Amino acid sequence: MAERPEDLNLPNAVITRIIKEALPDGVNVSKEARRAISQAASVFVLYATSCANSFAMKAKRKTLNAGDVMSAMEEMEFERFLPPLRDALEAYKKGQKGKKEASEQKKKDKEKKNGTEEHDKSREEEEEEEEHMEEEDGENEGEEEDVEN
């Protein structure tokens, strides 16, 4: 847990970016206002986390999940934020699924490539062994002729 209240604040760069995206161009925000928004955002996150944790504890879980956060938003009377939150969660899940599929495909391609390389290596080794055997056979035939003569 954080030891000082300032440890609970969100990074200023993140807050500044959110503020800029939320306001029209040309609107300036004082340093004092950014600090107040940052503190308010931190309090909101702590409150939402605490409410979500209550739902997880009721379900006898130690891990908060998206459903806990959704329930917390309802309990805090922020129902109007649920549709965009659900949309963002769905987009996140699709993105994660896409990353997972891409990772699995990359792994399959790598295994296939390694399998092909190993197959090529074993084929090369077999060919070299055959050549070596043929060379030995050729040498042995020459020796047999010498013995006969």
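Just so you know, the numbers here start at 1 and follow the chain as drawn.
Glycine is treated like the rest: Cβ placed from N, Cα and C.
As annotated by TrEMBL, domain 'Transcription factor CBF/NF-Y/archaeal histone' applies to 9-73. Break the domain 'Transcription factor CBF/NF-Y/archaeal histone' (9-73) down by DSSP state and the numbers are 47 helix, 0 strand, 18 coil.
Feature annotation from TrEMBL assigns region 'Disordered' to 89-149.
Residues or ranges marked as compositional bias 'Basic and acidic residues' by TrEMBL: 89-124.
Annotated compositional bias 'Acidic residues' per TrEMBL: 125-149, in sequence order.
Mean pLDDT, taken over the domain 'Transcription factor CBF/NF-Y/archaeal histone' (9-73), works out to 92 on the 0 to 100 scale.
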